[in-house]
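Quick look at what Swiss-Prot lists:
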- His63, His65, His211, Asp299: Zn(2+) binding site (BINDING)
- Glu92, His184, Glu214, Asp299: substrate binding site (BINDING)
Amino acid sequence: MADIIVKNAYVMTMDPDEGDLKNGTVVIEDGKITEIGEKTSESADTVIDAKHSVVMPGLVNTHTHAAMTLFRGYADDLQLADWLEGHIWPAEAKLTAEDVYKGSLLACLEMIRSGTTSFADMYFYMDETAKAVEASGLRASLCHGLIELWNEEKGATDLKEGKRFVRAWQGAADGRIKTMYGPHAPNTCSEEFLAKVREEANRDGAGIHIHLLETEAELLAMKERYGKCSVHLLEDIGFLGPDVLAAHCVWLSDGDIEILGKRGVNVSHNVISNMKLASGIAPVYKMLEKGVNVSLGTDGCASNNNLDLFEEMKTAALLHKVNTFSPTALPARQVLQMGTVNGAKALGTETGMLKVGMKADLIVVDMKKAHLTPCFDVPSHLVYSAKGSDVRTTIVNGKVLMDDYKVLALDEQKVMEDAQKAAEELVTRVNA
C-alpha cells in the first residue's frame, strides 16, 4: 500500500522526457514518487482528489533570510544607505536567538502556504532557523553568514561558527537539511578569507552561498581595491565552481557571464528585491543564453516584502520582456523551470521534477478560481495569473504539510502571534 495518492490532476512533471498529463495520478511511498500515470492500481492511506487542480513540483527559493519576516514593512521606500545603516542594521543588532526562531518559523509557514517546498537561507543564529525547518517539515540549504570585514579575529570567529554549523546540521531532519558555507560578499570579505572558506568547503564537501555584484557600489569598491571586479577576483583565487550559489548577480559584464557559465556557477535571481532597492536589472536573458543555471529567490522580507515565488516568477517574466524589448523573452515554461528544476539543481537536491524515484516534494494548485478561468494554457496561467494563495496542498518528503488550505505541520495562529509579539518587542528595543 502506498502512503499518498494524488489523483484526477493536471500533472505538470517539469520532466523534459515525459511532459504533462492532463488527467493523471501521482503515487508516493516512503518519501519518494513511485508512480506517475493516468491511473494506478495502488491503494493508499491518504488519497487527495486534485480535480480542477495542477500538481507540480514544489517551488525552490534559492536565496532568502527567513528571520527577516520580522522586518516586513519596517523600513520601506528609503535610500539604500538609510535603509541599511539607519534601520535594518540597528534592528539586526538587537535580534535574539528566540527572535530568529520565531521569524524563521513564520517564514516556513508562509512558504508552506505559498507553495515553496525548499529554500536556501543565510543569516545568523542559524541553529534557530534549522530548528524551525525541522519543525515545519520543509527542505532547506542553510548557512551561517560570514562577514569578516578585513578583521582577522572576526573572520576566524565567524569561520569557526560557520564550520560548526555545517558539521552539526548536515543531513539533519531526515535529510531535509543541507548545510553550506556563507561568506557574505566579495566586498565584505577579504581575498584571503574567501580562499579559506573555499578550503573549508572543499574539506567538508559543502557548497558555498554568497552575494555577488548585487549593487554598483560593490563593483566600484572592488575595482578600487583590487583593480578588478568580484567575478574575476573569485576566478583568480579558484573560488568558483558548480557548488557555488551566487545571489543577485546584477552588475555582471559579458566576460563575467562567460566565467560563471564556464565554472558552472548557480545564480539566484532576486528580481523583486533588486527592483525595490533599485539595485539594477540582472542580465538574466544573457546568462540563460550562455548556459548559466539561473534560479529564483525572494531575498528577505525587508526588501520584497513576501516570500511568494509565484509573484517572483511573474515579475521576472515581465521585467525581462520589457528590458529586452522582446515579448518572447523568458516564456512561462522557462520561468517555471527557473522556479523548480533550476532551483533544485542549484541546491543539489533530488527535487524540482515529478519523476519516479525522486523525492516527493510537490504542490497542488487550485485552478477553480475566477482569476484562473478560463484556462487555455496551464504554464501561462501558473506564471501570469496564479498566486501563492492558490496553493491548496503542500507535500515535502512525502509528508502532507498543508491539505486543502489547512496547515497541518504548524500551529498557524500561534506562529503568527509569536512573530507579531517578537517584532513589536524588537522595535521597542531598537527605539529604547
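The first residue you see is number 1, and the count goes up from there.
Each Cβ is built from the backbone N, Cα and C atoms, and glycine gets one as well.
Long-range Cβ proximity for His211 (Zn(2+) binding site), meaning a same-chain Cβ under 8 A and a gap of 6 or more residues, is found for His184, Ala185, Ala246, Ala247, His248. Comparing His65 (Zn(2+) binding site) with Glu92 (substrate binding site), their Cα atoms are 12 Å apart once rounded.
Around the Cβ of His65 (Zn(2+) binding site), a 10 Å sphere holds 24 further Cβ atoms from the protein chains shown. With respect to Cβ neighbours within 10 Å, the binding-site residues His63, His184 differ, and His184 shows the lowest count. Between the candidate binding-site residues, Glu92, Glu214, Asp299, the densest Cβ environment within 10 Å is the one around Asp299. Note: the CA-CA distance between His63 (Zn(2+) binding site) and Glu214 (substrate binding site) rounds to 13 Å.
Site extent for substrate: the farthest pair of Cα atoms among Glu92, His184, Glu214, Asp299 sits 20 Å apart.
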